[in-house]
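Everything below concerns the one structure shown next.
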Amino acid sequence: MKLTCVMIVAVLFLTAWTFVTADSIRALEDLFAKAPDEMENSGASPLNERDCRPVGQYCGIPYEHNWRCCSQLCAIICVS
């Protein structure tokens, strides 16, 4: 009985939350519609840059094309 009441309250809360946030979503719809080449400063996106480690730092399991190393070559430490 308690679980049923909790589930009903949770569903009502999530439904109300959806309706409350729906108005604010309409104001932001243009932000996601733009392609990266249409944006003013698409090069400044943090997703365009990877945080790589310089030569001599620990990189983990050794293998070629390791994204952790700037040189993409890992032998427990990044090598050039």
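Cβ coordinates come from backbone N, Cα and C, glycine included.
Each of CYS59, CYS70 is a candidate, yet Swiss-Prot gives the disulfide link of CYS52 to CYS70. Of the cysteines CYS5, CYS74, only one is given by Swiss-Prot as the disulfide partner of CYS59: CYS74. Annotation in Swiss-Prot places CYS78 in a disulphide bond whose other cysteine, of CYS5, CYS69, is CYS69. Annotation for the disulfide-bonded residues CYS52, CYS78: lowest Cβ count within 10 Å of the residue's own Cβ, CYS52. Within 10 Å of the C-beta of CYS70 (disulfide bond) there are 16 other C-beta atoms, taking all protein chains into account.
The two recorded residues CYS78 (disulfide bond) and CYS70 (disulfide bond) have their Cα atoms spaced 8 Å from each other.
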